[in-house]
Amino acid sequence: MKLKQRVVLLAILLVIFIFTKVFLIDNLDTSAANREDQRAFHRMMASLRVELDPRLDHTLQSPWEIAAQWVVPREVYPEETPELGAVMHAMSTKKIIKADVGYKGTQLKALLILEGGQKVVFKPKRYARDYVVEGEPYAGYDRHNAEVAAFHLDRILGFRRAPLVVGRFVNLRTEIKPVATEQLLGTFMTVGNSTCFYGKCYYCRETEPACADGDIMEGSVTLWLPDVWPLQKHRHPWGRTYREGKLARWEYDESYCDAVKKTSPYDSGPRLLDIIDTAIFDYLIGNADRHHYESFQDDEGASMLILLDNAKSFGNPALDERSILAPLYQCCIIRVSTWNRLNYLKNGVLKSALKTAMSHDPISPVLSDPHLDALDQRLLSILATVKQCTDQFGPDVVLVEDRMTLSHL
């Protein structure tokens with residue numbers, strides 16, 4: 001064989017070797033990542049049940065100190081939380097030492113200070129479990145049980161971006177009124193034999209109070225994020241106009257996502273993939289009301305999109321508002337880890353997991369069966385949407401490997 005032929009042959013063999021090595025390494029990396037996704041899923045399933053137990057045997061810290069230390073730029077709470085039951089027990093039982101009107105917003109809520117100085121947001125029950133909210137997907141009052149269900153769904157999806165929420169019964173006469181500010185106390189009234197209040201908010205009306213069953217009111221309490229993590233509010237790029245006859249640009253412009261990708265903070269970093277995770281989360285719970293979202297301040301797009309205010313959810317189990325998924329089907333990208341998790345949850349696993357996760361909550365049953373059934377049906381729609389994207393663009397384009405490093409140092 002001539003020298004020139006030998007050189008050509010060696011060059012070809014070298015190219016084949018390099019491509020083979022790269023291919024094998026890529027596949028090994030992908031396989032290892034997928035195996036870790038599967039292990040994480042099994043760990044989540046093994047820790048679904050959260051028994052509300054006050055004991056904190058292995059620490060001298062208060063439950064509030066523990067929860068505050070959990071918060072990092074990409075998580076509100078870590079994957080493994082043996083103290084979660086104790087923190088939630090404290091949220092649902094600790095003495096209320098002050099009650100005030102809720103922070104600014106459109107819906108009725110109260111700001112409570114629990115023993116130990118911890119702030120929580122209390123949202124009262126307005127609907128029975130089987131009540132169906134008709135009309136627009138963002139219609140109706142806030143649903144307190146939706147906040148509870150959304151928190152546990154956040155756990156199941158492995159996002160860990162929602163503040164802790166638990167159900168709670170409060171006695172308005174003995175627990176709230178004696179420690180209420182004048183501003184809150186001025187909104188109390190008696191309707192029949194029930195104690196009621198209407199609070200202070202954009203849509204709060206004296207003619208539309210929230211009423212207890214006698215003096216006992218069912219609600220949800222959401223743990224206030226630590227003050228050392230101030231929030232920054234952003235307009236959601238796929239927000240609605242809330243004006244009849246006026247469409248947002250994303251509702252008529254098929255190339256809208258291309259424009260979003262050129263705009264900070266969506267042109268780099270994890271924020272756009274967070275938006276798509278959130279669209280999946282919101283579609284599952286039926287939340288079409290995320291017109292704004294919060295992140296931590298001065299994060300330059302690096303921190304998570306925090307899943308706050310999920311109460312406009314689980315209103316109508318028969319309504320699947322596909323427009324909520326617009327970020328997914330317009331951008332046609334999704335995290336591999338999110339895609340894997342969704343696939344693990346099909347065939348009825350999601351419904352069963354959420355039912356199990358909520359079973360120890362004080363206000364259980366949190367959701368009616370039609371809402372649980374709707375979750376499984378909506379999951380199928382999400383999987384079908386991703387398949388349409390991969391059929392059109394290929395999995396290498398659609399499935400994005402973006403595993404953020406989560407530091408708890």
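Keep in mind that glycine also has a Cβ here, set from the backbone N, Cα and C atoms.
Model, not experiment: these values are computed from the prediction.
Taken from TrEMBL, the feature ATP binding site applies to Gln107, Lys123, Thr222, Leu223, Trp224, Leu225, Glu294, Asp309. Cβ neighbour count for Thr222 (ATP binding site) (all protein chains, 10 Å cutoff from its Cβ): 25.
Annotation source TrEMBL lists Mn(2+) binding site at Asp142, Asp309. Around the Cβ of Asp142 (Mn(2+) binding site), the number of neighbouring Cβ atoms within 10 Å comes to 26.
Annotated domain 'FAM20 C-terminal' per TrEMBL: 189-397, in sequence order.
What TrEMBL lists as active site is Asp289. Over all protein chains present, the Cβ of Asp289 (active site) has 25 other Cβ atoms lying within 10 Å.
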Within 10 Å of each Cβ, count the other Cβ atoms, then let me know which of the binding-site residues Leu223, Leu225 comes out lowest.
Leu225
Quiz question: given the binding-site residues Glu294, Asp309, which has the greatest number of C-beta atoms lying within 10 angstroms of its own C-beta?
Asp309
So among the binding-site residues Gln107, Lys123, Trp224, who's got the most Cβ atoms within 10 Å?
Lys123
Given that the record lists Gln107, Lys123, Thr222, Leu223, Trp224, Leu225, Glu294, Asp309 as binding ATP, what is the largest C-alpha to C-alpha distance among them, in Å?
19
